[in-house]
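Here is what TrEMBL says about this protein:
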TRANSMEM  12-37  transmembrane segment
DOMAIN    30-158  domain 'Tripartite ATP-independent periplasmic transporters DctQ component'
TRANSMEM  49-71  transmembrane segment
TRANSMEM  92-114  transmembrane segment
TRANSMEM  134-151  transmembrane segment
Amino acid sequence: MQQLVIGVSRKLAVVARIALWISGTGLVLMTAAVAWQVFGRYVLNATPVWTEVTAVLLMGWFIFLGAAVGIREGYHLSFDIMLYILPTRVKAVLFTISDLLVAGFALGMTFYGLQLAQGTWSNTISGLGLPRGVTFLGLLTGGGLMVIFSLERVARRFVGLPTARFGETELTGD
């Protein structure tokens, strides 16, 4: 069972790396779009209509993909004050509960994000000509990855493998 989890974890490490690259690329592209908007507005006196909408669209992608990778690598928000005094076994139970709560939240995010995307797909984003539902695809993708990465953490803990936590060594595919 442990070898299976290690194999899946290696594949998910590749998925996380790709998500991080897409997220970083989205951040760079968003910065370029905003810079072009400022240049167009103040230098050319002609604001491009597509830049603001593009920046918001890209922001949704890089935030949710980056958050998903952050969950996998243990960089999500947590309160660890009690962890200093609790026994190791209790810590593992609390970490598992936390990961399951994160997975549940992400599942809800994905479910309602899908409803938002479906409900707005027939509308068009002015300036881009894309369906409005495209705006929520980053939410769906990031939410889905959050569910998968949270459950990976639970599975790793269940078979006795380490999971990354903020401030500890980076988790790779083993």
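Here, residue 1 is simply the first one shown, and the rest follow in order.
Glycine residues also receive a Cβ, built from the backbone N, Cα and C atoms like all the rest.
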Same-chain residues near the transmembrane segment (49-71), Cβ under 8 Å, at least 6 residues beyond its ends:
16, 19-20, 22-24, 26-27, 29-30, 33-34, 36-37, 40, 102, 106, 125-128, 134-139, 141-143, 145-146, 149-150, 153
Positions whose Cβ lies under 8 angstroms from the transmembrane segment (134-151), at least six residues beyond its ends:
12, 15-16, 19, 56-57, 60-65, 67-69, 71-72, 99-100, 102-103, 105-107, 109-110, 113-114, 116-117, 120, 125
Can you tell me how the residues of the domain 'Tripartite ATP-independent periplasmic transporters DctQ component' (30-158) break down into helix, strand and coil by DSSP?
98 helix, 2 strand, 29 coil
